[in-house]
Amino acid sequence: MEREGSGGGGGSAGLLQQILSLKLVPRVGNGTLCPNSTSLCSFPEMWYGVFLWALMSSVFFHVPAGLLALFTLRHHKYGRFMSVSILLMGIVGPITAGILTSAAIAGVYRAAGKEMIPFEALTLGTGQTFCVVVVSFLRVLATL
């Protein structure tokens, strides 16, 4: 994989690294003591990385579901508003609960003194969305 300033043709490995790395904070001259230039070391970097993946994966799941609901319920008197609620929950849910859970994850990593690689942020962020989707489809809350 190529370094940022090398200027060569990166190929697919360079593109994958660029997608997963998020490039949140420039490492030049900001005083961050991180042994690896691609890892996330500070709390805001870790929090933002996990939160961004949670938000985007939630939008990825909820937008098609909302559009499908809008299409199938377009002639229903009140049913068409359900699609709006699906779309809103795809954004409002991760913004409210995702902020807290991402901060908790980043806090645990920071307290342990562990750095987070971008793939861990991807896994933890999409894992939050996966848990929400599983609870929604299994209807666990309706059995309580």
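Each Cβ is built from the backbone N, Cα and C atoms, and glycine gets one as well.
Considering the side of the membrane named for each residue in Swiss-Prot, Ser39 and Leu138 do not coincide. When other Cβ atoms within 10 Å of the Cβ of Asn36 (N-linked glycosylation site) are tallied across all protein chains shown, the result is 10. Across the topological domain 'Cytoplasmic' (72-85), DSSP helix (H, G, I), strand (E, B) and coil residues number 7 helix, 0 strand, 7 coil.
Note on the topological domain 'Extracellular' (1-50): mean pLDDT across this stretch is 64.
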